[in-house]
Amino acid sequence: MTMRLIILGPPGAGKGTQAARIAEHFGIPPISTGDIFRANIKNETPLGLEVKSILAAGGYVSDDITNAIVESRLAEADCEPGFLLDGYPRTLGQVDALDEMLAKGDRPLERVLELVVPDDAVVARLLKRAEIEGRADDTEEVIRERMAIYHRETRPLSEAYAERGLLVAVDGEGSMDEVFDRIVRALS
Ligand code: ADP
């Protein structure tokens, strides 16, 4: 059995936390483009130097760069049983690019999971995370910018996947365990 999944949701919806647990549950790798970019920034790779200021300002890295990173990651052997994409795709252009990548390998997406959390709740969570983790893009101004970009660029993705009958929406409010249980139930 394969499990090819995407997890969608606003910044601060708890995608990363849930992605790790879902991936473990199904025995597939969680692939977070945000984590890949942050690791490159930390290691000062050419890619990291290129995207550092974009991430700090809350903008999106270009589709060309992002698509290329995901394509090479999906070619790795651990993606054979499936994968969980977290933070990708984020634009309709990335949706098309992903479709093409997956069509080449004849490995269609199985589900798109959307974590639904109201704006007020995610802003509060991000501000709290800022105190704990000190991420460069968790200041109030940058959070507002990320939310605006999310609504403009990424919200339309849930509609696109709903039209294809792939979308599963799950209430993302509540404890980590509650949300995880809902997700597992929704996916089985
Ligand atoms: P969050 O979901 O909390 O915004 P992520 O770790 O998913 O955090 O992403 C952090 C940043 O990395 C984004 O604000 C953006 O700058 C960049 N990024 C991540 N994924 C993508 C993507 N698919 N396309 C463009 N930029 C991306």
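Each residue, glycine too, has its Cβ placed from N, Cα and C.
Checking TrEMBL for region 'NMP' across the ranges 2-31, 32-61, 62-91 points to 32-61.
Going through Arg111, Arg129, Arg135 against TrEMBL, the one listed in the ATP site together with Gly12, Ala13, Gly14, Lys15, Gly16, Thr17, Gly174 turns out to be Arg129. Same-site candidate for AMP binding, as annotated by TrEMBL with Thr33, Arg38, Gly59, Tyr60, Val61, Gly87, Tyr88, Pro89, Arg90, Gln94, Arg135, chosen from Arg107, Arg146, Arg164: Arg146. Filtering Ala13, Gly14, Thr17, Val61, Arg135, Gly174 by Cβ distance to ligand 1 (under 6 A) retains the following binding-site residues: Val61. Broken down with DSSP, the region 'NMP' (32-61) shows 22 helix, 1 strand, 7 coil.
For the binding-site residues shown (Ala13, Val61), fewest C-beta neighbours within 10 angstroms: Val61. Ranked by Cβ neighbours within 10 A across all protein chains shown, the binding-site residues Lys15, Arg90, Arg129 are led by Lys15.
Thr17 (ATP binding site) falls within a helical segment according to DSSP.
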